[in-house]
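Straight from TrEMBL, the features:
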BINDING   His13, His15, Glu99, Asp212  divalent metal cation 1 binding site
BINDING   His137, His162  divalent metal cation 2 binding site
Amino acid sequence: MSQVGGMRLFDAHCHLQDPRIAAVAPRLIRTAIDSGVVRFSVNGVSEKDWHVVKQMSDQYPSIIPSFGLHPWYVAERSPNWFDNLRGFFVDTPYAAVGEIGIDKGSHGKTIEYTEQVEVFQRQLELAKELQRPVSVHCVRAFGDLLEILKQMGPFPAGVILHSYMGSAEMVPELSELGSYFSFSGFLTSMKEQKAKKMLKSVPKDRILIETDAPDGLSNFNKESLIPVPREDIPDEEDKSASLNHPANIHNVLEYVSLLLEMPKEEVAEVSYQNAVRLFSYPGSKLQSEG
């Protein structure tokens with residue numbers, strides 16, 4: 001399969017290292033590249049998977065690695081977690097920061113919130129120090145997020161608000177602080193009119209699209225989604241039907257284009273150029289392209 005209509009796409013946030021799909025990641029990468037996905041930002045979430053992200057990045061020129069401690073794994077961190085994280089940036093100077101953040105959702109409520117905030121702030125400081133873009137997870141805590149970013153910002157290297165589900169009203173202030181707004185299949189769980197209003201409030205030069213694979217499977221036009229191959233999925237109950245992967249970014253593109261009332265080709269190119277600009281920091285794999 002060749003690039004669809006010549007479109008170039010950049011999956012601004014995914015987790016190809018996730019144990020649910022890592023075994024079939026080479027096949028998923030090939031499928032995505034054949035469909036026009038030129039780059040992938042692969043985000044580590046804990047000390048247990050940073051080395052896998054690094055290995056994937058070393059193997060695939062198309063993978064931009066990011067290292068971070070996700071709020072869900074804050075309680076599992078080692079006493080040396082921050083030094084370990086710094087070490088990965090020393091060994092991988094072209095890496096970005098992420099996935100980090102705060103979470104007051106059903107899962108986030110089980111993790112001490114003050115610890116989440118402390119870990120988040122330390123990593124934001126690191127991103128500023130390294131002058132790297134940072135991919136941020138936020139669930140039901142956008143008011144807190146805005147206050148933290150105001151206190152610590154602005155962030156000239158960029159903040160990726162991945163799978164953005166916040167309000168249209170917050171977009172201008174978040175933009176001023178250096179935020180980009182990345183949209184995944186989770187957008188389809190919002191009420192359409194609310195999603196449309198929010199999307200239309202985002203400056204065109206701040207729009208990104210992503211899959212958040214293996215999560216984030218879209219509810220839109222489900223028959224167009226490409227399932228993950230069932231073989232080699234390490235799951236006794238075989239939940240492969242609910243797993244996502246980067247080739248399904250075309251579904252996200254279609255939905256975002258529909259709500260923005262813009263041609264798919266235009267949204268694809270705008271989001272691609274935005275991602276290339278964001279990930280073309282000094283020393284990055286994209287610096288020459290950017």
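Every residue gets a Cβ built from N, Cα and C, even glycine.
No curator has checked TrEMBL annotations; they are predicted automatically.
Taking the C-alpha positions, the distance from Glu99 (divalent metal cation 1 binding site) to His162 (divalent metal cation 2 binding site) comes to 9 Å. Listed in sequence order, Val42, Asn43, Val45, Asp212, Ala213, Pro214, Asp215 are the same-chain residues at least 6 apart in sequence whose CB falls under 8 Å from the CB of His15 (divalent metal cation 1 binding site). Distance from the CA of His13 (divalent metal cation 1 binding site) to the CA of His137 (divalent metal cation 2 binding site) is 11 Å. Same-chain residues at least 6 positions away in sequence with a Cβ under 8 Å from that of His13 (divalent metal cation 1 binding site) are, in sequence order, Ser41, Asn43, Gly98, Glu99, Ser135, Ile160, His162, Ser163, Ser182, Ser184, Leu208, Glu210, Thr211, Asp212. Using the Cβ center of His13, His15, Glu99, Asp212 for divalent metal cation 1, the list of other same-chain residues with Cβ within 8 Å runs, in sequence order, Cys14, Ser41, Asn43, Val45, Gly98, Ser135, His137, His162, Ser163, Glu210, Ala213, Asp215, Gly216.
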